[in-house]
């Protein structure tokens, strides 16, 4: 059996022969990471990516200085979508080791689920995986209902049914109730709503291959909020939280929805479809209507919703939108505490009015006259949140997935956002 490569930490610079910018050096005892006190977690993550790139698949984190955050930074960079990697973790106290183990279980579940091929992960499989994860951490406190196919139409979940009807795999709504109180009448503290588009071709507004090749990841919002709830439970969440996952394929067929169709929602809103590739907001609307009906203190929806958010922030930050400044500040505080990247983008009352339609109350996409696509998408969603000015956060999760490797991440899912939402839920 191959001996594990030892990885140690040092606050001293590397030997001059390695250059003045060296972040790691190799010696007879293994590899030393040279911390400079400026961005130590980022340095560790980038070094781990390089170590993986060397083909080293077994490592042992040894010596002084390792804690949960540094171990996790190493794993975030070391983990990749192909092959098996083995890490021997340093000695940590019980609380730190439990926190690390929970991250390894839950956030790796999120990354692996998002990376799964669409052929293996359809709407029903995504919903069932979410149930299985949450039952693994709190089954006694979990109840759920799965509604699919024509039952969605009969129950007037018209956005989800319309988007998903073009696929042979029926659309699915997962409504899950985490209620640790044991009281069926306990108030709902928070609702989490996730976009679960298990493959997005764009529909008749079809994507080019260069934009479609990563669309197995269009369910990243659903996976992330599921992981966030599970992770919050491991951190002691004792409040009632409901989860709504809106799962569907967006495909082309003789039964697929078309431009010019009008969707009539249960809250009385009528929406004209002028871009079938703006489908995420159409399915989220159904989940947000259900979430609002619970009258929670907090609603968080999460979705890989717009290319505009990626244009603004790249894949480096999740985009945050809210009318509630206090709540937005709380989430950004949680993000800072968890070392996760979020950035607030504008959402104003006028964005709600930048989706005009000649035939319905709303258009599902903005026109050239209103180019702020991420903000108008958030404005669209606000029409389905009963009290949209208070207690609602929309996250356009542009940092969920990377099509190609970069210096700190392998290609694929990142798992970013799980810890921040869990932190907010348990604050």
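The chain as shown is numbered from 1 upward.
Just so you know, glycine gets a Cβ as well, placed from its N, Cα and C.
Going through 177, 183, 185, 200 against Swiss-Prot, the one listed in the Mn(2+) 1 site together with 277, 279 turns out to be 200.
Swiss-Prot lists 195, 200, 279 as Mn(2+) 2-binding residues, and of the candidates 213, 218, 261, 301 the one it assigns to that same site is 218. A strand conformation is recorded for residue 195 (Mn(2+) 2 binding site) in the three-state DSSP classification. The binding-site residues close to residue 277 (Mn(2+) 1 binding site), defined as a CA atom within 10 A of its CA, are 200 out of 195, 200, 218. The Cβ of residue 218 (Mn(2+) 2 binding site) lies under 8 Å from the Cβ of 195, 197, 198, 199, 200, 250, 280, 304, each of these being in the same chain and 6 or more residues away along the sequence.
The Cβ of residue 207 (active site) lies under 8 Å from the Cβ of 200, 201, 215, 277, each on the same chain and at least six residues away in sequence.
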